[in-house]
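Taken straight from TrEMBL:
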COMPBIAS  162-171  compositional bias 'Polar residues'
DOMAIN    25-83  domain 'RGS'
DOMAIN    194-289  domain 'RGS'
REGION    125-171  region 'Disordered'
TRANSMEM  297-319  transmembrane segment
TRANSMEM  326-344  transmembrane segment
TRANSMEM  379-400  transmembrane segment
Amino acid sequence: MDDEQRRQDDWAKERKHRLPTFQEVLSRRTRPPVDLFMFYLFLQREGAEDILDFWLDVQQHENLCRAYFKDVRKSGRTIREDWPEYWDYARRRGSIYGTVVGLNPQGGKRSTASTGDMLSEQDRQNLAASGDEKAAMRSPSPRMTSVSPGEHTAVGTAEPPRSSTPFSLSRRTPTLFKRASRAPTIIPRSQAISRQDLIASAERIYYRYLSPAGTAPGATENHEIYLPPALRIHTFPLSSSHEPKSQSEMALMAQIPDMFHAQKEYCYRAMEQDAFPRFLRAKAFGNLTPVSALVRLIAGLVILWIGLAVGFSLIFLDVQPKSKRFFLFIPYTLAVLFLISHQYELDPVLVFFGQSESTPFRTLHIREPYVKKLLLGRAIWVSVLVAAISVALTMIFWAVPGHRL
């Protein structure tokens, strides 16, 4: 217990001197403005929140599978006795639940941080190639491997993409007023988890994110994400409405626990390499949303025009005394503040009050220590810059001699 507490204290001290990692954000170990809620809003503004929804839903699906395996072991039965098809599949191909089901008690062949032994060598090459392709050309976002009725593996044949929607978030149409966030797939634990619950969970994920638009039974909207051809699932032959009975259906059901893990890892890497660095730049080095920054740009240009018009009027009307020109400091300060706030996407006044925007003109308190330190330093620099430019403009207009036209 003391060692665990010491590790927690060391981690907390370390966090005060660095930005959070992507894993820390996903595991909800960070605080605003770099927490999971803010990351979701960031993706939502760029129309790419479906990939995070998919990752969270698959995480929930995997947690459900872990709970099922733990329930089986608590009942006194082994996984081999309760689900022999899955045991054989996991023993041959490996599984992320190896430690839970008793396959690899020394730590397992796979971990949740890698795609692991569930993939064949060809799968790994395809997954690595998709990652290299994304790094080279900012390729699109995720989608899945094929599972057809006659196959016992999760590898599909390559075919043209069904969706042209890229994951490169900068290419997506902003959706500031899009639908509200959906909660992850959750099955209530009012009773023991059954294998039909696992099928129902996988079925919802498939029809929500992986099936072509319009093919989901009874679905009102489709949130299909993009995956490279090697990671697509083209069919879902099982149904939660009836139990699998044939040998092929039982073999397919054995893949349900590990079914989406490779796709989840691809999504993780895509977000970590593309969206997350931009999220940190936006929230750890700035505190404004794009809409708020744009409003400040427009307001700054208007106020600057008014200030310049008044300044030139005072000069060419030779208004006396010249000390009246010092009042130009007010519009110049506001104009320069708004313009530099737009340039840096940072409002120093909000930072000094410890606030950061979550949505346009709505703020929350900055609670992440290192981010607060970074923003405070940038806010001081912006304030000095605003003061210097405002004083320079005011002195220039004060020093010019008046000349009545």
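Every residue, even glycine, has its Cβ placed from backbone N, Cα and C.
All TrEMBL annotations are machine predictions without curation.
Residue counts for the domain 'RGS' (25-83) under DSSP (helix as H, G, I; strand as E, B; rest coil) come to 42 helix, 0 strand, 17 coil. Same-chain residues lying 6 or more positions outside the transmembrane segment (297-319) and placing a CB less than 8 Å from one of its CB atoms are 325, 328, 331-332, 334-339, 341-342, 393, 397, 400, 402-405. Each residue of the domain 'RGS' (194-289) gets a DSSP state, and the totals for helix, strand and coil are 50 helix, 0 strand, 46 coil.
Mean per-residue pLDDT, taken over the domain 'RGS' (194-289), amounts to 87.
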